[in-house]
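**Student:** The structure follows.
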Amino acid sequence: MERVDHLADERNKAEFNVDDMKIVWAGSRHAFDVSNRISRLVANDPIFEKSKRAVMSRKELFKNTLRKSVHAWKMINELRLSDEEGIKLRSFMDQPGFLDLHWRMFVPAIKGQGTEDQQHKWLSLANKMQIIGCYAQTELGHGSNVQGLETTATFDPKTDQFIIHSPTQTSSKWWPGGLGKVSTHAVVYARLITNGKDHGVHGFIVQLRSLDDHSPLPGITVGDIGMKFGNGAYNSMDNGFLMFDHFRIPRDQMLMRLSKVTREGKYVASDVPRQLVYGTMVYVRQSIVSNASTALARAVCIATRYSAVRRQFGSQDGGMETQVIDYKTQQNRLFPLLASAYAFRFVGEWLKWLYTDVTQRLEASDFATLPEAHACTAGLKSMTTSATSDGIEECRKLCGGHGYLWCSGLPELFAVYVPACTYEGDNVVLQLQVARFLMKTVSQLSSGKTPSGTTAYMGRAKHLLQCRSGVRNAEDWLNPGMVLEAFEARALRMAVTCANNLSKFENQEQGFSELLADLVEAATAHCQLIVVSKFIAKVEGNIEGKGVKKQLKNLCYIYALYLLHKHLGDFLSTNSVTPEQGSLANRQLRSLYSQVRPNAVALVDAFDYTDHYLGSVLGRYDGNVYPKLFEEALKDPLNDSVVPDGYHEYIRPLIKQRFRSAKL
């Protein structure tokens, strides 16, 4: 039977070449080819089927994850996929599992912190999956405050061993993915103690389970922490707890690239700069930003397609009702999220360049740009993950009641994604790190030190503290210089205000504590400026493809002007814009929404997501929503029988009023 495209009319309205936009979204022709090929490889493999996750028991779901993960590993080897292709395959599998932590955390930790000998020994096993690893840092009582970790690693010079111990219940490792049931090894972070002296937190490679029968080794208590938010979702992952009872490991299992303990128990720092660890942190956080664009794009794709399918009200003389996407209220909520997905994609591209630049500088012992790069990646991780989790939930609301169905794909997407606001740094804590960096940068302005990188605009403080926006009409808000100046003035003035208020406190730490909320807002303004500036730089550069640049410019200014509208109080209180200029920005926004409207479906088609990856009846490529909703409903186990279990026991006695009277 020929497939009918219910969204064909929408696609025919597009004013740009969708295939060209797919290349821009992917980053290159090569990246698109890899993504397109691997996504379809996964979609066509029945083992990766995922429509029944919501009704699986926890044990069924976990076993299903093991099956998929091992199948993915076999495919990677049998098809001789490259590292790039392997990463894509695991991503399109779309089911959190132990492979994620093994490859994203365990292996990089050994690469970054292990000596050459340690890397040779452990990575030769890890790369072949002959051992399975996880990253055991977070504890029951401490997450963001890594220096507060309680697990100890005490050196015993008599046996040349470290004694790993959990002295309190709160010192239990808690949350590491892959730990609960799968991992054979872990990189465990513990307080290093030699000769009674605490040297702070260090990493150790620890075997947890037997390689023969997978049972926990003596002295180790390990298990799963239990069900998490949502059906399916992250419950496919065995997040675990771990306690040590004076568990011994050889001295050479301390990761010793940055520091080591000698046979005699002497603590020795190596010649390798500790700053090299930050290179790994930059890499992890840039990948999180890229993942934010992917997750938000999935939600926006579902909401946009369904908004074009769904019709409500507006019927004239019995004609067709109005498409929901044509209502300005829907556009005002949806199109900024569409623009955000593209914005986060391009700032993610820039962060990949930043990671390469930082790595090269670190290898040359150039640490000058490291503080700025650290603050930048921390802030962008925080800002993009918060915006994405909020955006996914907004997309669910944009789909009305049907968005609440599991088969819409949105509830599970939200449940899987929202932990990103916490892992790899709590978002508020990260923004406060950015704020400290900004306060330091502001304090150095008077000394003549020139800010660089993403804080370069602060070098023009004299101008930005005095300038007034030159916007006179709505079209002026399409001038990149005027938009950037407004965002720069807002960010700088908020930072300077915080710095001035801090200076009024005798105790700077007390002042920082009192001004936490203001500092977070100043950091957020700085991060939003970064994203806006990188989006503008992208659209002002060379972009090939029919009509592609025009659409990206529209999205760029929707992103910027919607932020201005949303945070208008900041712009007004800092005198970065006037109320009249704020009104002109809103007028321009409405015009941009009208220009994006005929291109909306094509703009989400450019994400090139398969129906398998989207996992949404509402976001189907062909728009055939309503018959498929019925099909999904009939698959539910409750519909296996017409008369439900429990009818004779509960319902019939109720409606027949046949109850036995209780004797008191």
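In case you wondered, yes, glycine gets a Cβ from its N, Cα and C as well.
Unlike curated records, TrEMBL annotations are generated automatically.
Here's the feature list from TrEMBL:
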ACT_SITE  Glu424  active site, proton acceptor
BINDING   Thr138, Gly177  FAD binding site
DOMAIN    17-132  domain 'Acyl-coenzyme A oxidase N-terminal'
DOMAIN    134-235  domain 'Acyl-CoA oxidase/dehydrogenase middle'
DOMAIN    278-439  domain 'Acyl-CoA oxidase C-alpha1'
DOMAIN    480-656  domain 'Acyl-CoA oxidase C-terminal'
**Student:** How big is the Cα-to-Cα gap, in Å, between Thr138 (FAD binding site) and Glu424 (active site, proton acceptor)?
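**Tutor:** Here the two Cα atoms lie 10 Å apart.
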**Student:** Hey, which of 17-132, 134-235, 278-439 has the most Cβ-Cβ pairs under 8 Å against the domain 'Acyl-CoA oxidase C-terminal' (480-656)?
**Tutor:** 278-439
**Student:** How many of the residues that make up the domain 'Acyl-coenzyme A oxidase N-terminal' (17-132) does DSSP mark as helix, as strand and as coil?
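**Tutor:** For the domain 'Acyl-coenzyme A oxidase N-terminal' (17-132), the helix, strand and coil counts are 89 helix, 0 strand, 27 coil.
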**Student:** From the DSSP assignment alone, can you count helix, strand and coil residues within the domain 'Acyl-CoA oxidase/dehydrogenase middle' (134-235)?
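**Tutor:** Going through the domain 'Acyl-CoA oxidase/dehydrogenase middle' (134-235) residue by residue, I get 9 helix, 44 strand, 49 coil.
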**Student:** When you tally the Cβ atoms that lie within 10 Å of each candidate's Cβ, which of the recorded positions (Thr138, Gly177, Glu424) has the highest tally?
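**Tutor:** Highest number of other Cβ atoms within 10 Å: Gly177.
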**Student:** Express the distance between the Cα positions of Glu424 (active site, proton acceptor) and Gly177 (FAD binding site) as a whole number of Å.
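**Tutor:** About 13 Å separate the Cα atoms of these two residues.
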**Student:** Roughly where does the domain 'Acyl-coenzyme A oxidase N-terminal' (17-132) sit in mean pLDDT, to the nearest integer?
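**Tutor:** 95, rounded to a whole number.
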